[in-house]
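**Student:** Below is one structure. I have some questions about it.
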């Protein structure tokens, strides 16, 4: 890990969403230098599952060697922001560094995102970052250090990053646009940069929302804290950059990233917005049996100041550096995938006259080509899947799940099916359930069969647009766990 140098001794660091997760990790790293930390977050009462409040964070910061000032701040409330800034200046004499970490997330498409969720994401992510920066800038300009760091991604305009969660992407990119604008506006006075993880980051909320074992696919929050510390050490001329945690730490001389991993050697989950070919990333994750970081964390609306890559689901170091898992150039450069039309046209056959005079069976694709072509389920595959599911049900499964699922399947052998895990012993069948479904899942029949047989991860299907979910996401997650138990039979 990156050692502390004492560079931040006496500096005042204002961090939003610092009661837990990434925000608190950055605070503790700075505290080891003897920095003053303003904990600007909402949580004042203990949460039954998400540990940490502004007061418990303050105790940890003091124990690490820093001086803490806990402030109740909802970044949607300009008055609370200004009040916290005033208290910080009154107690510490100024502000040297601002970290815009608080964020809200909902991985839902346009029609499934209620206006209140859109407003929340825009107000917390973009507006909150803008207002907090605006309030701190007069004091940052007076500082010899003068840094603003936003936890936001590079501006990758590939439409595939917008398609499934347009509102979230716009809101998150708003934070990144603040970096673009303010870096130029205050060039020479304040350094303004963005930091984003290459992989999923593990926090307490990840365990709650991602299920057992998800932490093995993540890195610790320490990698973000070390990367942020590296940025703070740099001069004001280092500005307008969109930094990936792993890259800047390599510049610091870090070669072995094992210390940041939760599980050494386990495949890691790449984060959003980094790959120019998202479909290739999805294939890579699925091929390595990885469940995306976005997972359930990002399927639910929560503040990243609480989730901040605690699950979501938001954000991701490793014990063994596996660049091949993160970059997988071979997935992006397979000409077979990009040139399928040649396989369909087969020009070499059209140029042979004897084919027209003496018809013969069509040449079969080679095994590799066959694996690249879409496979249709055989007749009755859906019905057979439900039969096996039915045989796997028990009162114990029903008690553990307590949900009714409806499947809207398109294509061959499609239609409406249901899985009732509320009734005694459980029920399955064709048509709509007798009771209203808690979760409705829409997808193609072949993808449905792959999903229940373990060949397609539900989260992967959701991220790639193959699966659409309406209803209770937490219950959808329970179904994924049930699928895992049944995969061997399917």
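Along the chain as shown, the residues are counted starting at 1.
Note that Cβ sites are derived from N, Cα and C of the backbone, with glycine treated the same way.
Keep in mind that this is a model prediction, so the values were computed, not measured.
Features from Swiss-Prot:
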- 17, 18, 19, 20, 21, 22, 23, 42, 74, 172: NADP(+) binding site (BINDING)
- 42: N6-(2-hydroxyisobutyryl)lysine (MOD_RES)
- 116: N6-acetyllysine (MOD_RES)
- 168: active site, proton acceptor (ACT_SITE)
- 282-301: compositional bias 'Basic and acidic residues' (COMPBIAS)
- 282-370: region 'Disordered' (REGION)
- 302-367: compositional bias 'Low complexity' (COMPBIAS)
- 380-487: domain 'SCP2' (DOMAIN)
- 390: N6-succinyllysine (MOD_RES)
**Student:** When the Cα-Cα distance from residue 74 (NADP(+) binding site) is computed for each of the recorded positions 42, 116, 168, which gives the smallest value?
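**Tutor:** For residue 74 (NADP(+) binding site), the spatially nearest of the recorded positions is 42.
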**Student:** Which is it, of 42, 390: the one of these modified residues whose Cβ has the most other Cβ atoms within 10 Å?
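**Tutor:** In terms of Cβ crowding, the pick is 42.
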**Student:** Between residue 17 (NADP(+) binding site) and residue 42 (N6-(2-hydroxyisobutyryl)lysine), what C-alpha distance do you get in Å?
**Tutor:** 7
**Student:** Can you tell me how many other Cβ atoms are located within 10 Å of the Cβ belonging to residue 21 (NADP(+) binding site)?
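**Tutor:** Other Cβ atoms within 10 Å of residue 21 (NADP(+) binding site): 30.
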**Student:** If I take every residue in the domain 'SCP2' (380-487) and average their pLDDT values, what number comes out?
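**Tutor:** That region's mean pLDDT is 83.
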**Student:** How many helix, strand and coil residues does the domain 'SCP2' (380-487) contain under DSSP?
**Tutor:** 47 helix, 27 strand, 34 coil
**Student:** For the NADP(+) site made of 17, 18, 19, 20, 21, 22, 23, 42, 74, 172, how many Å separate the two farthest Cα atoms?
**Tutor:** 21
**Student:** In the structure shown, which of the recorded positions 17, 116, 168 has the fewest other Cβ atoms within 10 Å?
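**Tutor:** Each of the recorded positions 17, 116, 168 was scored; lowest Cβ tally within 10 Å is 116.
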